[in-house]
Amino acid sequence: MKNQLIDRLTRYTTIDTQSDPKSTTTPSTEKQWDLLHLLEKELQQLGLPTDLDENGYLFATLESNIDADVPTVGFLAHVDTSPDFNASNVKPQIIENYDGKPYKLGNTKRVLDPKVFPELNSLVGHTLMVTDGTSLLGADDKAGIVEIMEAICYLQEHPEIKHGTIRIGFTPDEEIGRGPHKFDVDRFNADFAYTMDGSQYGELQYESFNAAEAVITCHGVNVHPGSAKNAMVNAIRLGEQFDSLLPDSEVPERTEGYEGFYHLMNFEGTVEKATLQYIIRDHDKKQFELRKKRILEIRDDINAHFENYPVKVDISDQYFNMAEKILPLPHIIDIPKRVFAKLDIPANTEPIRGGTDGSQLSFMGLPTPNIFTGCGNFHGPYEYASIDVMEKAVQVIIGIVEDIAENH
């Protein structure tokens with residue numbers, strides 16, 4: 001199966017599907033259609049009925065081959081790649097039997113070094129796909145697409161493997177947070193699903209952050225600095241004051257595990273006006289609400305010193321911890337856990353310090369945990385995919401549909 005995985009991942013990663021957060025269309029970029037149309041064609045060649053809507057959501061069905069009435073399971077992956085780094089002219093490189101030593105990426109000065117990326121030490125002996133140092137790889141999440149496609153191919157070639165109805169979904173714009181926004185849960189018509197969008201071997205994730213964005217706008221009064229005493233209000237300094245009142249230890253670079261944070265993403269302005277953009281994250285719903293409350297309290301504390309209330313705050317929720325919707329349905333986690341155990345894969349159920357499409361889909365009525373893909377260092381030139389771990393991910397998909405047919 002390795003050769004098929006390499007071939008398919010190479011073909012998909014060389015198609016530029018970068019999304020654009022500034023766009024208002026869905027998909028956010030026309031080039032995402034290039035991969036969507038290819039996948040539609042390949043699914044049809046496998047004999048699967050497909051449904052590609054005007055927003056770039058591609059659904060397909062592998063019909064049940066058993067008489068029993070068992071739950072319909074879905075497998076999801078996103079076609080877009082991150083806007084954080086160059087995604088054009090991707091030139092995948094293959095490392096056979098990785099020796100665990102630093103590896104120079106193409107003709108660049110970039111080096112894939114286990115001292116910097118210690119997870120590489122667990123991949124000695126694996127076949128890796130890496131970049132040439134000039135682009136990201138796009139294994140996030142084209143590895144997930146490959147794994148789903150190869151699992152479907154295998155099931156088609158092995159009709160003796162019993163399974164219920166399987167729904168497949170390939171979606172746009174996950175990297176800019178819009179993946180589920182126009183996802184039609186009723187049209188997808190699955191009882192539950194799994195995103196193939198994790199990273200390291202053994203990841204099985206069903207806890208995500210609660211997430212919000214806070215935009216703070218500071219309005220100043222700009223007068224000539226020579227006569228500014230008791231008249232000027234410097235919006236930039238108001239912004240600095242605002243940020244200084246947040247806990248210095250509760251930032252991404254000083255937190256881990258279940259610890260939440262405030263993250264200042266952008267700060268720009270002039271004396272007249274300054275804008276601060278934060279993301280707020282916490283796994284615990286009560287702490288999440290307290291974090292948002294703290295933002296409002298700081299606004300009020302600063303505004304209390306002025307007559308015209310110069311600091312404005314706009315907070316918008318982005319997604320919530322999917323555990324709230326998944327934990328009441330333990331069989332959704334028990335199924336992959338049984339499969340992992342059968343395949344001798346150690347299950348890592350640590351919470352996601354982020355979110356997936358499943359974070360939103362779970363609150364839309366489609367409970368959706370996340371499973372590993374075997375890739376790492378997403379969104380940049382050091383991205384890699386372990387073909388060996390990808391092969392295990394394919395086996396997990398096959399094992400899940402077998403388990404559902406046998407035990408439900």
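In case you wondered, yes, glycine gets a Cβ from its N, Cα and C as well.
The candidate list ASP7, ASP16, ASP20, ASP140 contains one residue that Swiss-Prot assigns to the Zn(2+) 1 site with HIS78, ASP197, namely ASP140. Zn(2+) 2 binding, as stated in Swiss-Prot, involves ASP140, HIS379; the candidate among GLU96, GLU175, GLU350 given for that site is GLU175. Candidate recorded positions: GLU174, GLU175, HIS379. Nearest to HIS78 (Zn(2+) 1 binding site) by Cα distance: GLU174. HIS78 (Zn(2+) 1 binding site) is surrounded by 27 other CB atoms, counting those within 10 A of its CB over all protein chains shown.
Spatial neighbours are here defined as Cα atoms within 10 angstroms of one another, and by that definition the neighbours of ASP80 (active site) among the recorded positions ASP140, GLU174, GLU175, ASP197, HIS379 are ASP140, GLU174, GLU175.
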